[in-house]
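Feature table excerpt (Swiss-Prot):
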BINDING   Gly8, Ala9, Thr10, Gly11, Arg12, Val13, Gly88, Thr89, Thr90, Ala112, Thr113, Asn114, Met115  NAD(+) binding site
ACT_SITE  His144  active site, proton donor/acceptor
BINDING   His145, Gly154, Thr155  (S)-2,3,4,5-tetrahydrodipicolinate binding site
ACT_SITE  Lys148  active site, proton donor
Amino acid sequence: MLKVGIFGATGRVGKLLIEEILNHTHFNLSSVYVRNELQYSLPSSTMVTKDFEIFLQASDVIIDFSSPEATKALLEVALSYPKPLVIGTTGLDNDIQHLLENASHTMPILYATNMSKGVAMLNKIGALVAATLKESDIEICEIHHRYKKDAPSGTALTLAQSCAKARNLKLSDVRISGRNGNIGERNSNEIGVMSLRGGDVAGRHTIGFYLDGEYLELTHNATSRLTFAKGALDMAKWIVTQKNGLYSIEDALEI
């Protein structure tokens, strides 16, 4: 039985992870890190703690769906107490990305802005289309619930990065997030990344490839956040078998 620690237990996905683990015979909810008192009860066998060292040492693998600041703190402590990590926190800045890369030299880390297998396939296929339909204009649109804090979503940026890489472009040079006023003609290399917020949408991502006379749109819809929790647990089972290094969900799916 795999002992799983949850970091970010009070978040939407964190709560779903806990529910899924408690209903799963192959996992043991071994530790939960909390800064404030939980509003729900957990089994007496689960270590609930504010101490990073105790939290890390109680588990075989850690799943993190928290905030960029919390993820940074986790990584800094994990350097002294290495554990396989599955990180799904979005909105990481360059400094945290570098910390993530450095930490992967001492432990296996799987980082993904989206734990959905369907999104992993969208990312792969999108890059293929971007490379093949070189003359197409690429526009990415993402929709999420009203409570999502970061925009564009980490998933949208990942999709945009893959499309840019497929065309040998640097995303920071070609990304456009929003258009307003008399902006002139569209640059052929632009990759538009647009964000909508409303309701309880779990996640919708569309990559559009627009040509003269036709267009192709690839869309992934998440109908429940449970797909992210299930995906993260699948990744946890995989990452504990890997050597030190930084991995993606595409590595786990071998695509």
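Heads up, the Cβ atoms here are built off N, Cα and C, so glycines get one too.
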Please give me the recorded positions out of His144, His145, Gly154, Thr155 that lie within 10 Å of Thr90 (NAD(+) binding site), comparing Cα atoms only.
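The recorded positions passing the 10 Å Cα test are Gly154, Thr155.
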Cβ within 8 angstroms of the Cβ centroid of His145, Gly154, Thr155: which residues besides those meet this for the (S)-2,3,4,5-tetrahydrodipicolinate site?
Thr90, Thr113, Asn114, Glu142, His144, Lys148, Asp150, Ser153, Ala156, Gly203, His205
Out of Thr10, Thr90, Thr113, Thr155, which of the binding-site residues has the smallest number of neighbouring Cβ atoms within 10 Å?
Thr10
Using all protein chains in view, find how many other C-beta atoms are within 10 Å of the C-beta of Met115 (NAD(+) binding site).
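The answer is 26.
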Quick one: among the binding-site residues Gly8, Gly88, Gly154, which has the most Cβ atoms sitting within 10 Å of its own Cβ?
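Of the binding-site residues Gly8, Gly88, Gly154, the highest Cβ count within 10 Å belongs to Gly88.
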Near Thr113 (NAD(+) binding site), which recorded positions out of His144, His145, Lys148 have their CA within 10 Å?
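So far as Cα distances go, none of the recorded positions lies within 10 Å of Thr113 (NAD(+) binding site).
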